[in-house]
Amino acid sequence: MPYTTIDDLVNSALDYVIIGGGTAGLVLAARLSEKDSVNVGVIEAGLSRLGDPKVDMPTGAALMLGNEDYDWNFKSVPQAASKDRVYHIPRGKMLGGSSAINFMAYGRPCAADIDDWSSKLGLPGWSWNELLPYLKKSQKLESDLPNIKQRDANLFPFLADSQGTDGAIHTSASPWHVPFEDDLLPALDKTSGYARPKDPYSGSHVGFYRSLWAIDRSKKPVRSYSASGFLAPIIDRPNLKVVTNTVACRVLTDSNEDGSMRATGVEVQHDGAIHVLSAQREVILSAGAFQSPQILEQSGIGDPAILHQLKIPCIIGNRNVGNNLQEKLLSAVVYELAPGTMSLDSVLRDPELRKEHQKLYTEAHSGALSGCINLTGFLPYSSLVTSDDIDDTIGDILSLKILSGSPQSPNQNGPFQRWQREAIAARMKSLNSADLQFVCTPANFDTANGYGNLARLSPGSPAGYNACYSLVVSQMYPLSRGSVHSTSSNPLDAPEIDPGFLSHPADVDVIAAGIQFADRVLSSEALRGKVGRRVVPPPSLDLQDRDQVRDFVREHIVTYHHSLGTCAMGQVVDERLRVKGVRSLRVVDASVMPMQVSTAILATVYAVAEKAADMILADHP
């Protein structure tokens, strides 16, 4: 596949320079270059991994996590609320960014998640109805495949009108699942008391169901991600130039006659040499939730006090840059299955079974290697706890109860921060809010050993146990806030990431309630004889004792890879994603999302980028 040399890019008359060829950046590259008269340049720090089997195979993420050829392999600072653990924070280091290294979950947010951006935060253009066309625009539902056409709509629900069919990102359903899930899904329904959603992609997804994944099953199943979907089909466009192995150091700015600042280009490093790329129209920062704020700070845009410490001249002071970091967390309940019942652990343990599933993947496009997670579901917090528990949690939310020493926003009681707390508190009271997600995982999900290196999350069942099954729990609307900032004036130094995990007690409460529910399901009468011993939490832990469950949660979490909010709309960028105080500079990636949404953020990031492309083209007709 042809790529551009750095010299060619330096000598090109570029209208737009996109920093980051990741999930959002390649959407912009494809859409902006549809206009023949526009010249687009893309800078990517990683390499191209198109056609790489580790990227393509749906179960290949475990081979990339922690591998610095594929993963930036960031680490958090020690987390006080979790006994000073240091967490692995993966980010894709290649064309496609984190869409090339994630677990390919495809979901859409609740309508209220997006409507709040518009109605409560005052961001015109960002309602659910205004974002939905862009959610559909990026998607290509594989509607002709038998497992879609002949699906049981009660098990695998969606309405055809809500789906996109002409987009770049394939979405599909797995043709294979472990037999245990035939019994698990009714047990989830009965224990929760919630019916299955009619269409979890139309703005409400409470209940349990088989879900879509970003996997292209038109031939042998492969990951569908921004490099394969948006870039590969159009890489030969003469007005699109992509250079890899090139790090953006800082955005270059100049002053206008009226004293205002504007972005003029980007300083980059390639093979140790510094180069300057000029942008005639705009510089667009799409480096992700950790590196977009880092590059802003390296460019002199950020908190003046932090920039002073780094000896970086302050061009535009904005104390919000790098703050408001939000990340969901995962914990899990793990049971062994009855003797002879298979899960992915069986495939990991048995070489002959592994060969069988490799053959299924290659020849029948099925089996565990084609994508083994099928079931997910969402429940309200209020459906799982007592009214007194709800009152206690909401009291903590509204009273600014935060662990001492945790990262905090510059103005904890400002309108933006109050809006977040009030929105989450209102959701916690509702019996229709998707506050918790449950990911049904046919393997031992080992958070105790995986937090520092996510490649160790699925080690197989422990010695002396049968194959295992996990109900993985996540809180969708975390209250804890973190930060990411540069550590020096050297743009090659990794940023300091302090997610503030579990620094707000409400996050512990919500995950603990999910752990208790997961155990009620797996120990229910409906699954008697289908499961054996509880593996995690250990049988000695009393899951009826909320304090014991809270302690368990603090020691058994990993990241969900959904970090966002560090260049938030309304704080760092405006509603058209323009950096405040600097003309011709935008940020387009997960960092602009002001608050977490209920579900994986992949589809929302694609939609934000699709919408941003239209806004950019409208501003430069």
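Quick reminder: no glycine exception, Cβ is built from N, Cα and C everywhere.
Annotated in Swiss-Prot:
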type	residues	note
BINDING	THR23, ALA24, GLU44, ALA45, ASN102, PHE103, MET104, ALA105, ALA590, ILE601, LEU602	FAD binding site
ACT_SITE	HIS562	active site, proton acceptor
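Around the Cβ of HIS562 (active site, proton acceptor), the number of neighbouring Cβ atoms within 10 Å comes to 26.
The separation of HIS562 (active site, proton acceptor) from ALA590 (FAD binding site), Cα to Cα, is 8 Å. In the structure shown, the C-beta of THR23 has more C-beta neighbours within 10 angstroms than that of any other entry among the binding-site residues THR23, ASN102. In this structure, the C-alpha atom of HIS562 (active site, proton acceptor) lies 8 angstrom from that of LEU602 (FAD binding site). Pairwise Cα distances among THR23, ALA24, GLU44, ALA45, ASN102, PHE103, MET104, ALA105, ALA590, ILE601, LEU602, the recorded FAD-binding residues, top out at 25 Å.
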